[in-house]
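Worksheet: the structure to be examined is printed underneath.
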Amino acid sequence: MSVMVVRKKVTRKWEKLPGRNTFCCDGRVMMARQKGIFYLTLFLILGTCTLFFAFECRYLAVQQSPAIPVFAAMLFLFSMATLLRASFSDPGVIPRALPDEAAFIEMEIEATNGAVPQGQRPPPRIKNSQINNQIVKLKYCYTCKIFRPPRASHCSICDNCVERFDHHCPWVGNCVGKRNYRYFYLFILSLSLLTIYVFAFNIVYVALKSLKIGFLETLKETPGTVLEVLICFFTLWSVVGLTGFHTFLVALNQTTNEDIKGSWTGKNRVQNPYSHGNIVKNCCEVLCGPLPPSVLDRRGILPLEESGSRPPSTQETSSSLLPQSPAPTEHLNSNEMPDDSSTPEEMPPPEPPEPPQEAAEAEK
């Protein structure tokens with residue numbers, strides 16, 4: 001007996017999330033829509049390292065030390081792992097307010113500010129919060145309909161509010177925020193070391209080959225090495241400079257967004273309330289602190305829309321999927337067997353009982 005199982009398509013929350021992000025692997029991977037520069041990053045790293053492992057490492061492992069390709073492989077794998085983690089993870093997107101929540105916030109704002117006369121500009125929607133004896137302003141996001149937490153900002157590219165927003169990095173194809181900043185920093189740090197490492201041993205390789213066949217002949221025989229040197233030379237300055245800048249920000253417990261806006265170094269000279277005044281403590285908090293869980297329920301299941309027909313319950317569904325076996329019947333006489341074609345409403349009424357024998361004789 002064959003049983004047909006009807007499966008309904010489950011709608012995940014990531015399919016209905018607002019914003020300009022793209023999702024893969026059933027919501028497990030989250031990126032920005034503009035991924036062209038991210039693919040360029042992958043191509044440059046993979047292409048340069050492939051040439052280095054294919055040509056220079058084989059020669060240097062024999063002539064110098066077999067540890068050279070081993071250390072290069074470790075740097076390469078660590079750089080790729082941190083890049084993919086920073087690119088594919090949730091940077092700390094804050095969910096938008098539901099319609100009921102947005103209406104409640106609007107009522108609170110109207111009750112606080114009062115009715116604004118027509119033609120006049122409404123006052124700025126700001127709340128004050130105290131952090132380490134410093135007043136921090138919480139701004140209202142007109143897109144997400146929420147008061148943003150401290151250090152959060154709205155990314156115009158991804159169209160989402162991100163907690164502890166640092167910047168939007170096209171090289172990793174994602175925003176850099178509270179949940180992936182440490183991986184971004186480790187990526188640019190390891191990439192700087194890898195670039196210096198490949199560049200230095202390319203120079204060593206050219207020098208060793210030049211001692212045997214000459215400098216010009218070496219350049220003619222190794223065009224891949226020349227290409228690697230050019231890529232590493234022009235990449236080195238930007239990557240190392242970016243790493244130094246973010247090392248400075250980590251030491252101060254500051255974000256790129258705050259540094260650009262001059263939040264703690266402007267005219268007011270307001271002290272940074274998030275800094276511990278100690279470089280070691282700031283580095284430990286930013287890079288080694290507990291990683292907060294994602295508040296964006298990407299893989300949650302949306303509830304079924306209410307319709308006229310009630311969906312079957314779990315017990316009804318499970319019982320309907322099981323093969324039904326006929327109930328055992330007792331041996332009945334032909335006189336006692338009921339008619340299958342008749343329903344309880346169609347069964348004939350019972351015959352009236354016969355009068356007692358004594359009553360019949362009295363009537364006679």
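Cβ atoms here come from the backbone N, Cα and C positions, even for glycine.
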Membrane_side_equal(F147, V250) from Swiss-Prot: yes
Residues of the parent chain within Cβ reach of the transmembrane segment (229-249), under 8 Å, 6 or more residues beyond its termini: 44, 48, 185, 188-189, 191-192, 195-196, 198-199, 202-203, 206, 255-256, 259
Structural state census, the topological domain 'Lumenal' (205-228) (DSSP three-state): 22 helix, 0 strand, 2 coil
Other parts of the chain folded back onto the topological domain 'Lumenal' (57-63), taken as Cβ under 8 Å at six or more residues beyond its ends: 69, 72, 201, 204-205, 208-209
